[in-house]
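**Student:** Grabbed the feature section from Swiss-Prot, which reads as follows:
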- 1-53: region 'Disordered' (REGION)
- 2: N-myristoyl glycine (LIPID)
- 84-145: domain 'SH3' (DOMAIN)
- 187: phosphotyrosine (MOD_RES)
- 270-523: domain 'Protein kinase' (DOMAIN)
- 276, 277, 278, 279, 280, 281, 282, 283, 284, 298: ATP binding site (BINDING)
- 389: active site, proton acceptor (ACT_SITE)
- 419: phosphotyrosine (MOD_RES)
- 419: phosphotyrosine (MOD_RES)
- 530: phosphotyrosine (MOD_RES)
C-alpha cells in the first residue's frame, strides 16, 4: 500500500478498498443548558473521531487548583512525539484556512515544516502549491510513517474502536489498526463482523512484533511491515473472521484552538447566528468565528463572574484536552464574557433524552453514553481537576451518540448570591453531594456523587431527580440516609453502582477510572443476559 494514504474524514466519504498485497513473507493460506439544536450543517471540522497528535503550547509554570499548567496534557493520540528531525509531513485531512496567516491544504498533500515541530500550529511550506502558512499539527503525520496510513488510529481504546466499527453502515471486514492497550510496542487489528447469533460485532487480533522487526498475527505468516500485513489480509481471511474490506470511517478531529495565537479574540470576530438555549447565567448560541469556522458561543450576563478570575481559570481549562471533553477554543475576556467552544450538533444530553430520539434509546446506548462521560471525567480526575456541576444539562451530544463533558470548572467562579449560598434557587442541589452542598467541600468525589445522579437521568430519559421533592427536602432526606430507588426497568446492578456513588463518606465512593471500566464492560462482565425492555 502507498504510505501517503490517510484516514477518511467523514462517514459519508466514499470508502476505498485496499490495494493488493505486496512482498508477503512467510507461509500460510487462510449552569448553561443548551437546547436541541436546529438542523444546520455541521462545522467544517466535523465532531467525532480519535484525537490526533499534538504538543501543547509552552506556558508559564503555574499551579492552579491542583493542576500544573506546565504539564503536557494529552488525550489518546494517533501519532506520538516526533523524533529524528523529520520535516516532511503528509496531510491526513483537508484543511481550509481560517485566517490570513494559516495554510489551506488537501488530504495527501506533502508539507515541509519550516520551524520546529512544537505547539499546536506549525509553520509549513506546501510542496504542492508553494505557499507557506500555519497548519494544525494534528492534521499531519510524518511522510512514509505508520501514522500516515488511513487505517492507523493510534492510541485509541478497545471500546472506542468498537464504537467506531459498530456503525450499521459499515460492511463486514471494516477495520482499523491501533496500539495494543496491554502490550507495549504491539498493535491490535480490530475488524467488524456479523453473524446471526451476535449480530454486528467486533473481533480484535493482537499483532505481535518479531525480534527482527517484522510483524505477525499467527507465527506461520510473517511480514516485514504493518502495511504488508494489512495488504495481505485484505486479500485473504486466513483465519480472521473476514478479509479486510474497508478502512473504518471517522470524522476530522477538532483543531487545537481556532488558529495560531487566537485565544483572547475580539468580540467583532464572532457572529451569533442561532440561539440554542438560555440558562440562569447566560445564553448559548451557534455561531461563526472569523467568517470561517462553526463554533458554539456562551454569553455570560455581566456580573456573573469576575473577568480576571475567569481568565485565570480559562488558562487552565484550555489545557484540559480529551476527546470526551468539549474543547475550549477562545474567550472574549471583557464583559459580557464570551466563551467559544467546539460546536456539538445534537445539543445538551438532557434535551436529547427528553426529545424524539430519547424514546428509542435502550440500555446499551445509555450505558455507552455513561461510559463516555466517565471516560472524560476519569481524565479530569487524572488532572486533579474538579467539575463541580456534572449533570445531563452540562453534557453535549454530537453525531453517532458521541457525548462530551462541558462547562467544567465554571461553577466555582459564579458570584450570584442565589448560587453561592449553595441552597439558593439557582443552585443544582439535587445533583450535589451533601458535603459540597452543606460545607462547600467540592472534590472529584463530589463529582462522583453527581455522576450517580446523572445515571438516573439517563435511565429515566431525563426525569428530574427526586421527583416530587423540593430542594430543602432533598437535602434533609439525603442527610438522613435516603437514596433514590431503582428506576423502572433499570437492572439492580446499575442501581447498585449509583448507590456506590452516593456513599456518605466521599473516600468510599468509586473512582471515575473504575466507573469507566465497569460501564465499558457492563454487558460482558455484569449483564451478559440483558434483553431489551419497553423503555430500557
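Positions of Cβ are set from backbone N, Cα and C atoms, glycine also.
Worth saying up front: this structure is predicted, and the values here are computed from it rather than measured.
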**Student:** Of the recorded positions listed here (187, 389, 530), which is spatially closest to residue 276 (ATP binding site) when Cα positions are compared?
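**Tutor:** Nearest in space to residue 276 (ATP binding site), counting only the recorded positions, is 389.
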**Student:** Would you count the other CB atoms within 10 A of the CB of residue 282 (ATP binding site), including those on all shown protein chains?
**Tutor:** 21
**Student:** Quick one: of the recorded positions 187, 389, 530, which has its CA closest to the CA of residue 284 (ATP binding site)?
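**Tutor:** Spatially nearest to residue 284 (ATP binding site) by Cα position is 389.
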**Student:** Go through 187, 530, our modified residues, and report the one whose Cβ sees the most other Cβ atoms within 10 Å.
**Tutor:** 187
**Student:** For a three-state summary based on DSSP, what are the helix, strand and coil counts in the domain 'SH3' (84-145)?
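**Tutor:** With helix first, then strand, then coil, the domain 'SH3' (84-145) has 3 helix, 25 strand, 34 coil.
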**Student:** By CA-CA distance, flag whichever of 187, 389, 530 among the recorded positions is nearest to residue 278 (ATP binding site).
**Tutor:** 389
**Student:** Counting every protein chain present, what is the number of Cβ atoms, excluding its own, within 10 Å of the Cβ of residue 284 (ATP binding site)?
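**Tutor:** Excluding its own Cβ, residue 284 (ATP binding site) sees 27 Cβ atoms within 10 Å.
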**Student:** Have a look at the recorded positions 187, 282, 530 and say which one has the shortest Cα distance to residue 389 (active site, proton acceptor).
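**Tutor:** For residue 389 (active site, proton acceptor), the spatially nearest of the recorded positions is 282.
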**Student:** Around the C-beta of residue 389 (active site, proton acceptor), how many further C-beta atoms are within 10 angstroms, looking at every protein chain?
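**Tutor:** A 10 Å sphere around the Cβ of residue 389 (active site, proton acceptor) contains 24 other Cβ atoms.
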**Student:** Whole-number answer please: how many Å between the C-alpha atoms of residue 187 (phosphotyrosine) and residue 282 (ATP binding site)?
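**Tutor:** It is 47 Å, counting Cα to Cα.
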**Student:** Sorry to bug you, but what's the C-alpha spacing from residue 282 (ATP binding site) to residue 530 (phosphotyrosine), rounded to the closest Å?
**Tutor:** 42
**Student:** Taking the Cβ of each of the binding-site residues and counting other Cβ atoms inside 10 Å, which one has the highest number: 276, 278?
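**Tutor:** For the binding-site residues 276, 278, the Cβ with the most other Cβ atoms within 10 Å is 276.
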